[in-house]
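In what follows, a structure is listed as C-alpha cells, so that the remarks can point back to it.
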Amino acid sequence: MTEASEDLAAGESKTAKSRRIIRRATRYVRLLVYAEPTTVDLILLTLGILAAIASGVPFPLMGIIFGQLVDNLNSASCNTDSQRGSAYQSEVNDKALKVVYVGIAYFVLVYIYIASWNLFGERLAQRLRERYFKSLLRQDASFFDNMPAGEAASRLTSDITTIQQGTSEKVGIVLNSVSFFITAYIIAFVKDAKLGGELVSLTPAYLLMSLVGGYYTQKYASAMLKNVAGASSVAMEALSNATIVHAFSANAQLESKFAGLLGNAKVAGIRKAISVAVQSGLLYFIAFSANGLAFWQGSKTIADAVASGNPGSSVGTTYTVIFLLVDGEIFNIKVSSIRQVAPFVQVFDAAGVTFESLEADINREPKIDGTVEGTENSLRNVSGNIELNNVSFAFPSRPDKPVLDNVSMSCAAGQHTAIVGLSGSGKSTVAGLIARLYDPTNGEVSFAGQNIKDLNVRSLRSNLSLVQQEPSLLDRSILENIALGLINSPSHSHLSPALLGGKLSDIATAVRNGRDLMEEAEIHGQETAEIIDMVRNAADLADASAFIGRLKDGYGTLVGSAGSLISGGQKQRISIARSLVKKPKLLILDEATAALDSTSQQRVQSAIEKVMSGRTLISIAHRLSTIKNADNIIVMNQGKVVEQGTHSELISSDGAYAGLVRLQNLNIRPEEENVSSESLATKDSYDNIIEKAAEASLDERRSLETSARKGEDNSDGINAKRSLSSTLKAVGPMLRPHMLFLFLALTSAFVVGGTYSASAVVFGNTIGGLSPCKTADSIRSAGKFYGLMFFILAIIEFFANLGSWSAFGWVAEKITYKVRVLSFRALMEQDLQWHQSDGRSPTVLLSIITQDGNALSGLTGSVVGTIIAILVNLVVAIALSHVIAWKIALVCLAVVPLMLGAGVMRVITMTQFQERHARAFEKSLGITVEAVNSIKTISALSLEHEILRTYRRSLKGPTMEIAQQSAYANLWLAISYGVSNFLYALAYWWGAKRIIAGDYSQTQFFIVLMALLVSAQLWGQMFTLAPDVSRAFTALARILNLLDLGSTKNLSGPCQHLKPGNDLEANAEPREKRPDQSQGGISVSLNNVKFSYPARQDVLVLDGLDIHIKPGQFAALVGPSGAGKSTIVSLIERLYTPTSGSVHIDGQDISAREGVSFRDNIAFVPQDSVLFEGTIRFNVALGARPGHKPTDAEIEEACRLANIHDTIVNLPEGYNTNCGPSGNQLSGGQKQRLAIARALVRKPQLLLLDESTSALDAESEQLLQAGLEKATKGMTVIAIAHRLYTIQKADVIFLIEDGRCTDKGTHAELVERSESYKINALHQAFE
C-alpha cells in the first residue's frame, strides 16, 4: 500500500470515527425527533420544552422576593418603633402576594410541561414500537436465526419502556432544573458578582463527580442488565416448554442456570448501588460544604458593609445569592437533582443507548425485503422450470457448516417433484431458497430462467405457496387464517379491501355469537362472499371442512396463539387450505402431512395432486408412500443430490432410494392386500372416527381458552387481592437474613432525615448571626462558626448517604435475587393445567420474574431509604418547629393536609393509569410477539402489510384512553409540586406578623421556615416516588400469591415448600439430590379412565379407557389424530389427573401419592422436539435423573444410541455447539434425535415416545430403532406412532379410537382382525 493510500485510509478511519462520535453525541436529540413526528408531536415537544424552561424561572424570582423579605424582617427586628410596624407589615403582605402569583404561574407551567412530555413520550414510544415492528417484518430469516429467544418481545416491551421513561416528564424536570440553574446564576451575579464568582466552583465539582460516578454506574448497570436479560431468556424458554420441564423434572437444572445468571446480576447490582451511594454522598458533601463556604464569605461582605456603614450590600442581597446558588440548590435542584436529575442523566443515557441499538436494527437493510411493492422486476413467466445451479449454502449463524454443497437440480414446470433424503441433508433448505427466505452462498436459483435475486420478492412469493414442516397459525379464527392465503395473490387483488379492512374478523365474531356465516357474508358485500366461498372450497380440498363443520363456532372458531387450541393434524390441514386457497402456480410442501394419520394423509395427498394438476408441485417427505406417484424424485444426502428418477426407476436401480423404501415397507401378506367392499365401508366409519377424534381434540384445547375467559379465582390466582397487613407481614421473613445491613440502612436513613432539620437550625442561627443589628466582629465570628457547622454537616451527610444508599441497595439486590429465583421455582412447580389456563401465557408469567422482581426495589432499595429519610425529617421538622415557634408552625402546617391529599390523589391516579396502560396495549403487544414467532410464515405469505394494519387498528382505542388518563393523573402531580409555593407565602406573611409583634426573633422564624421549607420540598419528592412504592406493593402481592401457590398446588415433589416462616435464603438454595432408583421395566395400568378438562366437563376426551402394560413390554398406541393418545401419555406423567378411574405405575395409584418423584423413572420424547438455548451437552444432560450430573461418557453413549453422536463430533465445537434459541440452529431431525438422547441419558424404567421419529428419514429412523432396541432391553416402552412400520415389533399394540381402546394385539393380529388398522397399514405400504 502506498503512503498516499495509507493516509487516505487513515483519513477515512478518522472521518468514520468522527461521525460515530457525532452520532453518539446527538443520539438523544435524534431520538426526540425520530420516526416522523406529526404536527401534534412537534407542538407537544415545543410546549414541553418552553413550559419546562419557563417553570425554572419562578423559583429564582422567589429568591429575590425572599431576599427583600429578609431585609424587611431585619429592619423590623432592628427598629423597635411601633409606628413603622404597620409599614413593614404592608411591605411583607405585598411580597407574600407576589409569591402567591408566582406560585400560580409555576403550577400552570408545571402542568403544561408534565402533561406535554408524558403525552409526547407515549406517542414517541408508539411510533418507535411501530417503526421497530415494521423493520422486523422487513428482515430476512437469517436475522431471526441469530436472535436469542424472547429478544424481540423484550425489545418491544422493556426497551421501548426504557425509551419512554427517558423521554417523558423526567425531561421536563431536568429542563426545569437547568433553567433554574442558569436563572439563579444570572440573578446571583447581578446581585453580588464577587460572591457569585466564588460559588461558581460548585459547577465543575458537580460535573466532575457526575461524569466519574455516571461512568461506573453505567458500567455496572450494563453488566447487570446483560445478565438479567440472559436469565429472562432461560425463564422464557422454561415457561414456554413447561411440559418438558415437568416431564424431566428439569426444574433444578434450569433453575441453576437461571440463578447463576442472576447471581452475576446481583454482584453487578451491588457494585452499582455502591457507585450511586458514593455519588449521592459526594453531592451532598459538596452542597453543604459550599453552604459553609458561602456563609463564611458572605459574613465578611456583610461585616465590611456594617463596619463601613455602606448600605449597598445588605443581608437580603447576600441571602438571595446564597439561597439561589447554595440553599436553593439544596432545597430545589439538589432535592430534585441529586435524587432525580443525576439518576435522570442515567435514564436519558439508557434511553439513548437503547434507541441506538433499536435504530441499528430499524436501519438494517435486509438482503431479502419482502415488503417492497411494485411491478418492476416482476416474475414474467410463472410456468417455467425451477432450477438450482451449483448452489451452496450455509446458515449465517454457522457459516463454517455448509448445508448444501454445489447442488444442481431442476423442478419441471407443471410436474410433481419430490425431494427425499436423510435428516439434515438440506431438503428444507432447498424449499427456503426457492421461497427466497434465504439466498444461496454460491450459485443461483432461477424461476423460468430468471435469477430470483433479480425478482421482486413479493412478486415471486405471490405465485407460490409454502407449507412448512412446523405449520404456524395466527391467533385468529379459522376463516381468517385460511383467507390469509389470498393476501398477496395476483389473481385476487380486487379482494384486498375486504381482506385488509377487518371485515372477516367482524364476520367471525358474529358467527361465534350465533349468526349464520353466509348471511353475514352477504351483508358485508359480494367480495366478502366470494372470499368465504373460496375459503370453504380450500377447506374441502385440505380435508378440513368436516371437522370444522362439527365445531360449535365453525369457521368462526379461534385457533389460539400459534394454533395452540387445535391438534397438530388440524393445524396442518388449515395450513394446507391456506396454501391452496389462491390456487398457486407453485406449491411447496415440506412434510406438510406428517402429523396426519395415514387415511387422512392419503385423502389430502389425492386432493392436492388433483388441484395441482398442470401446476408445479414440490414435495419434501419422509413417508415415501406419499410421493411414489411423483414425476421426479430427487434423493439428497449430506447436502448433495445422489440420484433422481421416478419411483419405479429408482427401485430398479436399487440405490439409496430403494434402501429407504425397504426400510419403510410393512409386513402385510399379499392375500391381505385385496380390500373388500366391507373394508371400504369400514374405511368410511374410520373416517367418522377421525372426525370425532378431531372434534374432541379441539374441544380439549378450547377448554383451556374457556377457562381463560372465566378469569382467575381469587383463592387460587396470582392477581388475587391481598390486604396491606398480610403483604407487610410477609416482608419480614424476606428481610430477616439481612438485619445487619438493614439496621445500617435504617440508621443512615434516620441520620439523613435528621440532618435536614439540623441544617435548618444552623441556617436560622446563621441568618440571625449575620443580622446588621450586630457588630462587624460578631458577624465575622458567626460566619466562621456556622460555616464550620455546615462543613461538619457535610461530612455527616456524606457518610449517612453512603451508608443508606449502599446498604439499601445491597438488601434490594439480595431480595430481588431471592424473589426471582423463588418465583421461577414456584412457577415451574405449578401443574401444566395451571400454566395453560386463566390467560397465563409465558410472557405474562415472565413479567412476574422480571418486572415484578425489579419493582420490589420500591420497598427495599434506595426509594424506601429516601422515603424513610423524608418521613423522619417530617416528624423532626414538625416537632422542632413547635418547640421553636409553635404559633408560626401551626399556621404553616395548616396546608399540610392539602399537600398530602394532592400526593395521595397523585398515587391513586398514577396507579390506576399504570394498570390501564398495561391492559390497554396487551393486544397490540400480543400481535407483535406472535408475528415475530411466526416470521417465516408471514414472509412466505407476504403478510407484512396486513399484520401492520392489524397492529395499527389495535392501537386506536387504547391510545385515546391513555391520553385522557394521563391528563388527569398529571393534574395531581402538578398540584403536589405547586402547593408548596403557597406554604412559602403563608410562612413569610405569618412569620413577619409574629416578628413585628415581637412574639419571636428572626432566628426562630428562619429555623421554622427552613425546616418546613425542606419538608415541603421533600414531601413533593416523596409523592414522585410514591408510584414506585405502589408498584412495589402490587408486585409483592402478586409474588406472594405465587409463592403461596407453591405450597398449595405443588406437584414437583421433594422440594421444600414455601411455608410461612421458612428461611427464604435457604429456599433459594439448590435442592437436595434424590436417591437413584433401581433399573428394570415397570408396569403401567389405566383402569376405567375417564378424562375431561375441568372447564369442559361435558366433553369426554377419554371414555372408560382400560390399558394394562406389563413390565418390560414394548407397547404402542395407534389411532386417528385427536383420538386421545397424547392425553394418555400426559396422564401417565401426571401432567393432568383423571376425572374418574385411576392410573397405576408399578402398582401405585399416582394420583393418590404425594409428589411426583415417580417421574424420576420415566423419560419422555414429545412430538414437537423442544431444546433449550445452550450447548448440546447441556440439553442432553437435562434428561438426567434429578440430582445426578451425567458424565461425558454417559452423554456420548446416549447420543450414540440416538444416532446423533457422529453428527455432533463433526460440528466445529462438538458437544459444546450452541443449539440456539429453541434449538433453531439444528434441523428438525437433529433436534428429534437429541430429544431422544436426552431421554435415554436418564436410563429410565419407562420410556414414552410420542411420534418421536416423525422428522427422521427412513435410514436415520432405522438406525435409531436399532439403538432404541439396544437401549430399552428390559425397559417398558410406550410409543405413539402414525408410521406403523416403526411399531411392527411391539409386544402389544392398542388401537385408540374415540377415547377408548377398541382393540389390542400384535401387528400381525391386528392386520388379521381389525379392518381400520389394516386400511391404515395398506395406505402406508408400497407394493
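Using the three backbone atoms N, Cα and C, a Cβ is placed for every residue, glycine included.
For 47-67, 100-120, 170-190, 195-215, 228-248, 276-296, 743-763, 785-805, 859-881, 888-910, 971-991, 1005-1025, the entry in Swiss-Prot reads transmembrane segment, with the evidence type sequence analysis. As annotated by Swiss-Prot, domain 'ABC transmembrane type-1 1' applies to 47-326, with the evidence given as sequence analysis. Look at Swiss-Prot and you will find ASN381, ASN390, ASN406, ASN463, ASN674, ASN1050 tagged as N-linked glycosylation site. As annotated by Swiss-Prot, domain 'ABC transporter 1' applies to 386-663, with the evidence given as sequence analysis. Per Swiss-Prot, the feature ATP binding site maps to 421-428, 1119-1126. Sequence annotations record features per position, and here Swiss-Prot assigns domain 'ABC transporter 2' to 1084-1323.
Locations of recorded Swiss-Prot features on the structure.
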residue	record	contacts (Cβ under 8 Å, 6+ apart)
ASN390	N-linked glycosylation site	ASN406, VAL407, SER408, ASN442, GLY443, GLU444
LYS427	ATP binding site	ILE419, VAL420, GLY421, ASP590, ILE620, MET636
LYS1125	ATP binding site	LEU1117, VAL1118, GLY1119, ASP1250, ILE1280, ILE1296
Quick check: do the transmembrane segment (743-763) and the transmembrane segment (971-991) share at least 3 Cβ pairs under 8 Å, counting only pairs 6+ apart in sequence?
no
In three-state DSSP terms, the structure that LYS1125 (ATP binding site) belongs to:
helix
Please classify the secondary structure at ASN463 (N-linked glycosylation site) using three-state DSSP.
coil
Can you tell me the CA-to-CA distance separating ALA1123 (ATP binding site) and ASN463 (N-linked glycosylation site), as a whole number of Å?
37
Check the DSSP secondary structure of GLY421 (ATP binding site), expressed as helix, strand or coil.
strand
Please report the three-state DSSP label of ASN406 (N-linked glycosylation site).
strand
Rounded distance in angstrom between the Cα atoms of SER425 (ATP binding site) and ASN463 (N-linked glycosylation site):
27
Using all protein chains in view, find how many other C-beta atoms are within 10 Å of the C-beta of ALA1123 (ATP binding site).
30
What average pLDDT does the predicted model assign to the domain 'ABC transporter 1' (386-663)?
87
Using DSSP reduced to three states, classify ASN390 (N-linked glycosylation site) as helix, strand or coil.
strand
So, three-state DSSP: helix, strand or coil for GLY1119 (ATP binding site)?
coil
Give the distance between the Cα atoms of ASN463 (N-linked glycosylation site) and SER423 (ATP binding site), rounded to the nearest whole Å.
28
Counting Cβ neighbours within 10 Å across all chains shown, tell me which of the recorded positions ASN406, SER423, ASN463 comes out on top.
SER423
